[in-house]
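Colleague: One structure, as structure tokens, below. Some questions next.
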């Protein structure tokens, strides 16, 4: 029965010595051969191998197999023996021997073991790589044999960047790559190729997990920051921050702040340009000198811009009246005030000092009704003067009045003509104006055209009335009638025209009758007298004669 000989009991040097001792000079004169099959086999690490040793020597003794590997005699017979080698983990040489006619015959075979790498790993890439700068790809390979057939390939996508043999254990292969924009988001990996095709086994490939590279471009120039120089408390103003030449702009981070107050920015990018917009609102506790800050961060690098800003408080001006609606003759006080450090001027009269109010007093009169009082305020902020204005209007209550200049007291108009009674009343509250004829309730319209006749002749009481009292003005209307002989003359003319018309009509009728009568011609006469047969002959009228 075959015995299992652990390889740990026989160091490699001892087995080499044993093989050398077995190769005695008598071997060269041997007439018979000892065959070992298979010859020079190749198998994967950890596999098993069936080995057959045979000889044609007719008087051979027991065949032995010498190896550092675990072995087991499977079967044997005259001139042959079969062994099973298990857990073959490394390259080895096996030796079969037998005694034939007192001489030792040997045969050998070399076992080649191939092993895929246990670890193929691409070293981590930089979190961000500047475009235009070199970076190193580093691949580490542990185990794998035979090394003469093992190659390490560095890849970008499927593009080969470097191909090198794996030499050391562990093997480390590197390649230098110039970063470009096209490399942003590209996967890099490491691949090992164990080429066992010459042994008829094929090409064994093992690939590492890919690592993604992020490249960036960040210009050295700071962002352009557009912000106000001054900002009033409780007011808002837009702030813009722009940076050009940024890649990839979509992955940049923007920080906008007013002092220690972070602003809610809206970030937009177009190509390689990034723009952040926010609204800055000043608080009361921020009054004074502050800074607007814009930070753009990409690839672990930062570009920053700062602008000075002054937060100020500008209260007023506030204009007050002691009586917004005053009675005529009363005293009214007008005052104007504003915040600290503000200089106010009321109707051209400045206050004593900044922060102090300005005042004036007046006795309210009719002319003050509707009067406006103006107050201007000036505040100096960081060398600049800011101005604001405010006003207030005074209302004065006074009794009704009629303007004599626009309401003539004596009017001369002609009968049957159109005229307008131009009278105007004033007062606060605005009065009602009516013009009534004395002795009657007849009212004439005021400010409206009307047809004048002789009945409007007389004296009128024009009265303006309101809750403040009444005011009356006497207006006399003198209506001139037409000439007194006009009617008789007109009647006479009509009668004359009538008589003339009748006479002409009678003459026309008489002449027509004469033309229609009978006439007799007298022969003895050399002329033809015409004798009318009309009844006029019977009346004895004689023809007129010229004297």
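Backbone N, Cα and C define each Cβ position, glycine as well.
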Colleague: Transmembrane segment per Swiss-Prot sits at which of 486-510, 511-535?
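Modeller: That would be 486-510, the stretch labelled transmembrane segment in Swiss-Prot.
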Colleague: What is the total of other Cβ atoms whose distance to the Cβ of residue 423 (disulfide bond) is within 10 Å?
Modeller: 22
Colleague: Can you give me the same-chain residues 6 or more apart in sequence from residue 241 (disulfide bond) with a CB-CB distance under 8 Å?
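Modeller: For residue 241 (disulfide bond), the qualifying residues are 223, 224, 225, 226, 254, 256, 265, 275, 276, 277, 294, 296, 305.
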Colleague: Find the one among the disulfide-bonded residues 190, 336, 423, 462 whose C-alpha lies closest to that of residue 96 (disulfide bond).
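Modeller: In terms of Cα distance, residue 96 (disulfide bond) lies closest to 190.
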Colleague: To the nearest Å, how far is the Cα of residue 139 (disulfide bond) from the Cα of residue 100 (disulfide bond)?
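Modeller: Answer for this pair: 56 Å between alpha carbons.
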Colleague: Below 8 Å Cβ to Cβ and six or more residues apart, same chain only. Which residues does that give for residue 57 (disulfide bond)?
Modeller: 32, 79, 98, 100, 101, 105
Colleague: Between the disulfide-bonded residues 375, 462, whose Cβ has more other Cβ atoms within 10 Å than any of the rest?
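Modeller: Buried the deepest by this measure is 375.
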